[in-house]
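In what follows, a structure is listed as structure tokens, so that the remarks can point back to it.
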């Protein structure tokens, strides 16, 4: 046992000694020409791939020579425009737009379900609420509030309006929406409504301010232009007016289906600016995509409720409106880049350093797979323990001192 421990300790001592002494060794690369066609083709091919990657992807595509800014300051203003006839009523933007003018979120009503003449009182709870069906008053607990229901229970069991079955009576706004709501027809004219989206973006690092509205010689001409134009990617890229039908088509949505259930659509404004060019070339691009989950039928779509209050015969009353609509969320992304020497130097040094991977790959192939790998290994790695003695000057040694200062390995020369 002691002898084994002694051998282990001595081995560990020798390992630490060799590691310590080897730590102070100096390594320098040795030039060795290997005339092997296969290895040469692999070397040049890897070099070509590395150089192509940095030139095409890093410098041209990603513009690694530029200083960039990805967090611009942005402002969004939206306004809904249009008038529609709904029965005998004429609806303007105050009636169907919420809010009629606002920031990065705006919605328009496409369909309504209206409950008229609601007043504070008692009435039967909806049969869709859990544990609300009853036969006697003892089935209803007085004062109990079901948060999935519509009000507070009175403790009475009453007939459900004109039906034969009974539900618990509640204190709330009566009649309840599920029983008395009137479903109105969809506002089909809304397909031609337009939403005005004004966006300004500022890149503080480069002191560049841009907007998505076309510059005009005077305000009068600009006002005329904005009243007539509609956005088109090629013909009118600076027009900020978008038809709701156009937005639905770009988001690959059926407008008739949106009228039934409503929906949330994202309007993405993307600014990708190369400030090495004139700032006038910095133009926005638009993309549209539905944001709510259509697969989840229970929670898909978009709707909200609001009420109009009034007094009737001295009693406070209200009209409850459940509005299904098309909500637009305006989301702005910005990226700007401009030439800077620091990222250029860093990217160039990285590219030059990465070329060295070609030598590492070819050395591994040469020392692993080629037939003369042992010969290559002996020629490639030399260990010099101390400076060799200087030979005496003779005619033979003088003549042999001429020649190449690097090794030349050829397949045709025996080693």
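Sequential numbering from 1, following the chain as shown.
A Cβ is built for glycine as well, from the same backbone N, Cα and C atoms used for every other residue.
Long-range contacts of the transmembrane segment (41-60) within its own chain (CB-CB distance under 8 A, at least 6 residues past either end) are made by residues 347, 350-351, 354-355, 357-359, 361-362, 365. Residues or ranges marked as transmembrane segment by TrEMBL: 41-60.
Under the heading disulfide bond, TrEMBL lists 123-174 (among others).
Counting every protein chain shown, the number of other Cβ atoms lying within 10 Å of the Cβ of residue 134 (disulfide bond) is 20. The feature disulfide bond is assigned by TrEMBL to 134-157 (among others).
Under 8 Å, Cβ to Cβ, and six or more positions away along its own chain, residue 140 (disulfide bond) finds 134, 153, 154, 155, 156, 157, 168, 169. Per TrEMBL, the feature disulfide bond maps to 140-168 (among others).
With a cut-off of 8 Å between CB atoms and residues at least 6 apart in sequence, the same chain places 82, 243, 244, 245 near residue 192 (N-linked glycosylation site), listed in sequence order. The N-linked glycosylation site annotation in TrEMBL covers 192.
Summarising the annotation, TrEMBL assigns ATP binding site to 194, 322. Taking a C-beta cut-off of under 8 Å and a sequence gap of six or more, residue 322 (ATP binding site) has these contacts in its own chain: 112, 113, 114, 115, 177, 181, 303, 304, 305.
If you draw a 10 Å sphere around the CB of residue 229 (disulfide bond), it holds 15 other CB atoms from the protein chains shown. Residues or ranges marked as disulfide bond in TrEMBL: 229-239 (among others).
For 273-282 (among others), the entry in TrEMBL reads disulfide bond. Cβ neighbour count for residue 273 (disulfide bond): 24 (other Cβ atoms within 10 Å of its Cβ, all protein chains included).
Among the disulfide-bonded residues listed (123, 174, 273), 273 has its Cα nearest to the Cα of residue 194 (ATP binding site). Here the disulfide-bonded residues are 123, 174, 239, and the one ringed by the most other CB atoms within 10 angstroms is 123. For residue 229 (disulfide bond), the nearest of the disulfide-bonded residues 123, 174, 273, 282 in terms of C-alpha separation is 282.
Using a 10 Å radius centred on the Cβ of residue 194 (ATP binding site) and all shown protein chains, the other Cβ atoms total 19. Put simply, residue 239 (disulfide bond) is 15 Å from residue 282 (disulfide bond) when counted between their Cα atoms.
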